[in-house]
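Record features (TrEMBL):
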DOMAIN    1-245  domain 'NADH:quinone oxidoreductase/Mrp antiporter transmembrane'
TRANSMEM  37-59  transmembrane segment
TRANSMEM  71-96  transmembrane segment
TRANSMEM  102-120  transmembrane segment
TRANSMEM  127-150  transmembrane segment
TRANSMEM  156-177  transmembrane segment
TRANSMEM  198-219  transmembrane segment
TRANSMEM  239-256  transmembrane segment
TRANSMEM  277-296  transmembrane segment
């Protein structure tokens with residue numbers, strides 16, 4: 001994935017340097033490239049990094065095999081680099097972007113719905129959270145490529161919010177994994193009886209994942225819905241399904257892991273440590289605090 005996606009981008013960068021003898025963004029801003037081959041070569045690396053549906057299969061594999069620190073950094077920072085890269089290259093790909101962006105938006109919206117359905121049949125905690133990242137990044141990508149003010153602001157906001165939220169959920173999945181020795185939802189059940197203190201954090205971060213009101217995710221999703229619906233009315237259908245399934249798989253994750261009978265193979269019990277509570281608090285606190293000063297995220301263009 002990394003090699004095949006980034007080699008065309010390197011060729012695109014060499015092409016700019018050969019033709020214009022500069023790689024400075026300030027100078028490239030005044031140019032408008034209409035070469036579709038160049039457009040695809042520059043876009044593809046970032047679409048894989050986001051990841052867009054159809055080139056997303058590396059993400060669940062990477063998350064499931066990575067240690068918790070790797071998962072948290074991948075979800076919190078590395079996925080957002082794809083969005084940031086798109087933001088930067090669109091300063092000189094505007095004109096051709098307006099013509100060709102519909103391809104990626106269509107794939108992302110339809111793919112987001114399909115990935116949400118995949119989430120509903122996952123039994124691995126980490127895989128479920130990883131697939132939910134793909135669905136959320138589908139909305140971010142669509143808003144970003146709609147090329148409107150609302151879309152860019154919403155994408156920026158949701159990238160920050162999702163980085164904090166999914167990183168916290170991976171941390172919670174690891175806390176359960178350390179206690180029970182398994183990531184399976186069939187074993188991680190009834191955790192409300194097992195670790196009542198962690199159930200609160202599960203609830204707070206799950207509600208953030210489904211964009212419940214006091215969180216920054218809500219602000220990002222509302223502005224993204226605005227921009228995508230303004231781009232095309234037809235997208236209403238997939239957006240409504242995306243919002244519904246987003247809540248559905250998050251409730252599935254929370255209800256299945258916290259409620260029900262405790263797995264009868266779990267024999268030792270240990271509550272949360274102060275270090276873990278502090279880590280989760282530092283994920284959740286900015287998520288709810290930033291919405292009180294949301295102009296930082298929304299009025300930056």
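From the backbone N, Cα and C atoms, a Cβ is placed for every residue, glycine too.
It is 102-120 that, among the stretches 37-59, 71-96, 102-120, 198-219, 277-296, forms the most Cβ pairs under 8 Å with the transmembrane segment (239-256). The transmembrane segment (277-296) and the transmembrane segment (156-177) are in contact, since at least 3 Cβ pairs between them lie under 8 Å (pairs 6 or more apart in sequence). Same-chain residues lying 6 or more positions outside the transmembrane segment (156-177) and placing a CB less than 8 Å from one of its CB atoms are 63, 68, 71-72, 75-77, 79-80, 83-84, 87, 125-126, 129, 132-133, 136-137, 139-140, 143, 183, 188, 191, 195, 198, 201-202, 205-206, 208-209, 215-217, 219-221, 223-224, 257, 272, 276, 279-280, 283-284, 286-287, 290, 294, 297-298, 300. Below 8 angstroms of C-beta separation, residues 1-2, 5-6, 8-9, 11-12, 15-16, 78-79, 81-83, 85-86, 89, 93, 96-97, 100, 104, 107-108, 110-112, 114-115, 130, 133-134, 137-138, 140-141 of the same chain, each at least six residues beyond the ends of the transmembrane segment (37-59), sit close to that stretch. Away from its own ends, the transmembrane segment (198-219) comes close to residues 132, 154, 157-158, 160-162, 164-166, 168-169, 172, 175-176, 191-192, 243, 246-247, 250-251, 253-254, 257-258, 271-272, 277, 280, 283-284, 286-288, 290-291, 294, 297-298 of its chain (Cβ-Cβ under 8 Å, at least six residues beyond either end).
Sequence-distant contacts of the transmembrane segment (71-96), counting only residues of its own chain at least 6 positions beyond either end whose CB sits under 8 Å from a CB of the stretch, comprise 25, 28-29, 31-36, 39, 42-43, 45-51, 59, 62-63, 126, 129-130, 133, 137, 140-141, 144-145, 147, 152, 155-156, 159-160, 162-164, 166-167, 170-171, 174.
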